[in-house]
Amino acid sequence: MDVESNSPKPIQTTAEVSSAKPTTTTTGTTVANLKSQHKKAELKHPSNRNWLIHLHYVRREFNTCKTIIFEELLRLNGQSEYANYILALIYRSEGKMQESLDKLQVCHELEPTNANTVRQIARSLFLLGRHKLAIDAYQKAQLLNEDSDAETHYNMGMCFLFMMDLDKAKEHMNLSLQSRVTHKAFESMAQIAIARNSIQEAIGIYEKAARVFPENAEVLSNLGVLYMKAGRDDIAFSRLGSAIAFDPWNARATVAVASMLQTYDDYDQALAKYKVVMQTMPDSASVWNNVGMCFFGKRKYVAAISCLKRAYYLSPFDWKILHNLGLLHLHMQQYASAFHFLTASINLKPDQSHTFMLLAVAISHLDDVEYAKHAYEQAVRLNIQNITTDPVNLVLNYAVSLFNHKKFPESHQKLVEVYNMIENGSGVIIEEDSKEIYHRVKTALKLMEFAFPDDNDGDMITGGVPIPPPASQGTQPRKRVTTQQSVDQQAIGNLDPDLV
């Protein structure tokens, strides 16, 4: 009984043990499967490759970065905020503004409360020139972010500046400066002052910026340029010299110094400065224009035309370059070519009296006196509104053209106007060439028995020195046009101060 009663126990125990083995094995397999499934679930997390996208983006490996982003967007059905955000930034750097805006709007739909995404949307709208919508987006970003953001106020100010709402632009620039002092905000404040034709206010703003940022070459160069426009060359030279001392390769300051040297007829030194600038700005139309006018001052007309044609190729819609080409062709007695370039300049800038005067001289040499008279009359009208040409030289050229086409009564009338301007003008300075031309025409008209107001007073200008009568050919203006003294930045869409 004991054996029988005890014998099943080992069998039962054996059965239990043997049955327990598969149970243990099954449990181990289940745990391993759960771990592997958990690993697979981790690999499918939406953010598991964001670090890799970020790594390639900061390395500027955009092609590799876009490949990874496209894989992620395909895997996640386009529902990755970070991948869309980085792709939008890459598109913007490639100039694809609309594609960048579309991706940023996807990011905004995925995370509507992200203020940074809204600011980037506003930035894309700004670059697309949709400034009103950009302002609305920046205002929405301010609502999402309670802290005062200097960058947001600065960008809103730039939007208002491009919309020419100068009061609101100035208000936001002041708010930006209150949050954080930056030289860009100071520069924008100066641009607002320049847009209001207040050069002195702009100089004051740049002086404040120079005190805050005394080693900023960009601020110093812009300040020097404004002093040049204000006619204070001594201070301008000092500020530009400081800018070059802090940044020897500052192209804007170097070109400004070269243009000052060019103004004082130091063409060799100016050309040496321009040669340095050419190493960093070989495709600057303004620099090529100034180099051409240096050669023009040295009477090297072929070299001057080559440089100006290069400038015209780089910037075909710059009226100053066309004006200078017309002037140069006048001096080379190529009147048809001069007419062509001066007409193109007038089409681009129709409010310059000096260009109309040169055009009248060219037409006069082409023997079309009626059109020449129309051009002279337009030059006189424009010069009354905005004096850009010496009135004495303008009317004197008009008188010479009429004399050369045997319009003697009209020429006498214009010469009397010249006399009245000289007599009534206080501190009028007459160039030696203009004095000679005036008295040659006057002497010739006197021989034709035309009377002048100063017949009994002696020679008002030269003190009675006899002047021979004028030659049969007309006289072209000897006054050299002011060279364009500006430096390329831009931008732009740039509202940078332009030196003329």
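Even glycines carry a Cβ here, placed using N, Cα and C.
Curation plays no part in TrEMBL annotations; they are all automatic predictions.
As the structure is a computational prediction, the values presented were derived from the model and not from experiment.
Quick look at what TrEMBL lists:
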type	residues	note
COMPBIAS	1-22	compositional bias 'Polar residues'
REGION	1-28	region 'Disordered'
REPEAT	183-216	repeat 'TPR'
REPEAT	217-250	repeat 'TPR'
REPEAT	285-318	repeat 'TPR'
REPEAT	319-352	repeat 'TPR'
Request  = Mind checking which residues of the chain, 6+ beyond the ends of the repeat 'TPR' (217-250), have their Cβ under 8 Å from one of its Cβ atoms?
outcome  = 183, 186-187, 190, 199-200, 202-203, 206-207, 209-210, 256-257, 259-260, 263, 280, 485, 496-497, 499
Ask   = On the 0 to 100 scale, where does the mean pLDDT of the repeat 'TPR' (183-216) fall?
value = 94
Message = DSSP-wise, what's the residue breakdown of the repeat 'TPR' (285-318) into helix, strand and coil?
response = 27 helix, 0 strand, 7 coil
